[in-house]
Amino acid sequence: MTYDKELAAAKKAASLAATLCQKVQKALLQSDVHSKSDKSPVTVADYGSQAVVSFVLEKELPTELFSLVAEEDTGDLRTESGQETLQRITKLVNDSLGNEEVYADTPSLSTEDVLRAIDHGKSEGGAVGRHWVLDPIDGTKGFVRGDQYAIALALLDEGKVVLGVLACPNLPLASINQHSSESSHDKVGCLFFAKVGEGTYMQSLDGSSPVKVHVSAIANPEEASFFESFEAAHSLHDLSSSIAKKLGVKAPPVRIDSQAKYGALSRGDGAIYLRFPHKGYREKIWDHAAGCIVVTEAGGEVTDAAGNPLDFSKGKYLDLDTGIIVTNKKLMPSLLKAVRASIEEKVSSL
Ligand SMILES: Nc1ncnc2c1ncn2[C@@H]1O[C@H](COP(=O)(O)O)[C@@H](OP(=O)(O)O)[C@H]1O
Ligand SMILES: [Mg+2]
Ligand SMILES: [Mg+2]
Ligand SMILES: [Mg+2]
């Protein structure tokens, strides 16, 4: 079947990267958190995860042209002060690959091999051919806090997302909606995956059999709950609360980091995800590609504030009208109306 071997490789790569990230999150030292030139945090796990995914995809799919658009680059790791970090990343990567039987005979990667694997992520993407899209840790701030994060991997074919995998190591296997009990949150670690036209599935990261998931069927906004970023710097919380109020949503927002929001929404834990970055911020494709197909294949819709589907064919960035809106097909028309009204109010009050 189409993209079968690509999906198998993507699941394997994301699961292995998730194991590496879990290990680092457990032992997280302050020295593992560095600041990139744009002041956002990056950890040894972000780099390690990118190297592992890049290595596994190339190994598993040797006959295909390999193009990867990924978040991290090796600039800081090639400096004098980056050498110790690079050594640690190399050890982490070798430890995780060494634990896999199939790679046990592969010689250890050198620091140069690791740099090369990370640098594979330099592709610009676009509308022609196939490109993998990777966020090695989405929600680094959540990761550092000990909260939610995701390894998000998608494949673009001629500008369209054709498969997506979301590994969410800290997401409970049971629903996180407001009615579920705390005790059902004990077992964590979800792997969501979707292929175009074939639906979305979830399994546990430790390998249970996959179950098909669907977005919430709620049509009455009063019964709906909504997700947004934990970080107020990433999304205007006051704008989403005005939209929710206008729509008649009663429940308070559920604030969690990363594309775990898309995963949770794809299985109906909540019905709406609203994201309104501050003025001037440009969304990157790796922050949405995997989440987008996971939700759409589960029956949901993902649009910008004008109701247009997201266009992943323009390179690294998404050119958007204002924000990102995710919900089921029944709620979308009234949600878009509330979004427009709230944005107009906001503009006229300035
Ligand atoms: N000012 C800003 N506005 C919107 N998004 C931002 C932002 N600064 C960073 N981000 C993005 O928000 C992502 C996390 O989303 P969320 O808030 O849903 O957890 C980050 O991914 P990384 O953690 O991979 O860098 C980053 O790409
Ligand atoms: Mg980042
Ligand atoms: Mg991200
Ligand atoms: Mg990231």
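Cβ from N, Cα, C; glycine included.
TrEMBL lists Glu71, Asp135, Ile137, Asp138, Asp287 with the feature Mg(2+) binding site. Mapped onto three states, the DSSP output places Asp287 (Mg(2+) binding site) in helix.
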Which of Glu71, Asp135, Asp138, Asp287, the listed binding-site residues, has fewest other Cβ atoms within 10 Å: Asp287
CB within-chain contacts under 8 A for Ile137 (Mg(2+) binding site), separation at least 6: Cys21, Thr43, Ala45, Asp46, Ser49, Phe143, Tyr149, Ala150, Ile151
For Glu71 (Mg(2+) binding site): DSSP state (helix, strand, coil): coil
Near-site residues: Mg(2+), ref Glu71, Asp135, Ile137, Asp138, Asp287, CB cutoff 8 A to centroid: Asp46, Leu134, Pro136, Gly139, Thr140, Ala150, Ala152, Ser258, Gln259, Lys284, Trp286
